[in-house]
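**Q** Below you will find the structure I want to go over with you.
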Amino acid sequence: MSSQDIPEENLPAEQDHAHGAVGVADEKNPFADPGLPPHEHRVQDIDERAAKRSERAVAFLFTLSMLATVGFIASYVAIPADKSIFVFPIGHLSALNFALGLTLGTALFTIGAGAVHWARTLMSDVEVADERHPIAASPEVRAKVHADFRQGAKESAMGRRKLIRNTLFGAVALVPLSGVVLLRDLGPLPEDKLRHTLWAKGKLLVNMNTNEPLRPSDVAVGSLTFAKPEGLEEHDEDFQNEIAKAALMIVRLQPDNIKDKRELEWSHEGIVAYSKICTHVGCPISLYEQQTHHVLCPCHQSTFDLSDGARVIFGPAGHALPQLRIGVNDEGYLQALGDFEEPVGPAFWERG
Ligand code: FES
């Protein structure tokens, strides 16, 4: 097939691109500009069937990328993390890591390979010599850039090769999904764990120091006792997480001194149980003033009145300490009558 048989739209534009020598050697410039070599048409430029084959090859690579991304997600969901496989010559390795690496690598590689094949076989291959210009672009230059862009878009056949364009969009749109799926590995979802503590109806109040369940007689008037829920041990894996929510502060008041009606109802013989976690930014409260029944947070001096529903009487804390409703069981031990009715700790939790 000769160049005369080539459809006009398939021929690269050459009008502005000189070939052959364009300069002459002289005294000032002893080397003549050799110019660009003569342009040779590719088979895809002169044979529409070859162009179609290239188009299908590029679309196949982009489609392969989409399938690989789907395979990546499927591997992540379906392959157990502890499964291993033998891969020659590497040896035994994690099946999940192998599948994720293989599929993600394939997804990225085939997009690149498709783009390169597209550029090499179907986009215009005319070499372009661009003159250097001052940095500030004149209106004429901008107009030329726009014209060049439009010509490039036309020569890339983006509009005409809809199959390539659509599969490229699909491949590029799917690849980021791999990153989104990996976000799931940041850790287990908190679900509603942040809203609840280990306290539940019937859980015994255990002295944090002696590790023994508390009886009312163990709590003297004027003392401050720290308690944890029955069953929570220091060697437990999530001890720190749980105690940070469930730590309890127990004080015995004269029932006559309790001003808040709900506080009195939720107490037992003047024994009140409050969250030990400050509602400002979560420091553990540890200072009790028995004459005034005030507890003080050492971090920023928020002060709570335990005889009046632990309301804030000083400092930056936003709201009262949550109270735990308590009673005694048949054996005479102090027990919780449920979980806290509001989230413990800083006001952050109120937003949910
Ligand atoms: S954390 Fe308690 S006052 Fe700031």
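A Cβ is built for glycine as well, from the same backbone N, Cα and C atoms used for every other residue.
If you look up TrEMBL, you'll see 1-37 marked as region 'Disordered'. The annotation compositional bias 'Basic and acidic residues' is assigned in TrEMBL to 14-30. The transmembrane segment annotation in TrEMBL covers 58-79, 99-119, 163-183. The domain 'Rieske' feature in TrEMBL is assigned to 240-335.
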**Q** Near the transmembrane segment (99-119), which residues from the same chain, at least 6 beyond its ends, have a CB less than 8 A from one of its CBs?
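**A** Sequence-remote neighbours of the transmembrane segment (99-119) are 54, 57-59, 61-62, 64-66, 68-69, 71-72, 75-76, 79, 156, 164, 167-168, 171-172, 174-175, 178.
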**Q** DSSP on the domain 'Rieske' (240-335): how many residues come out helix, how many strand, how many coil?
**A** 15 helix, 33 strand, 48 coil
**Q** Averaged over the domain 'Rieske' (240-335), what pLDDT does the predicted model reach?
**A** 93
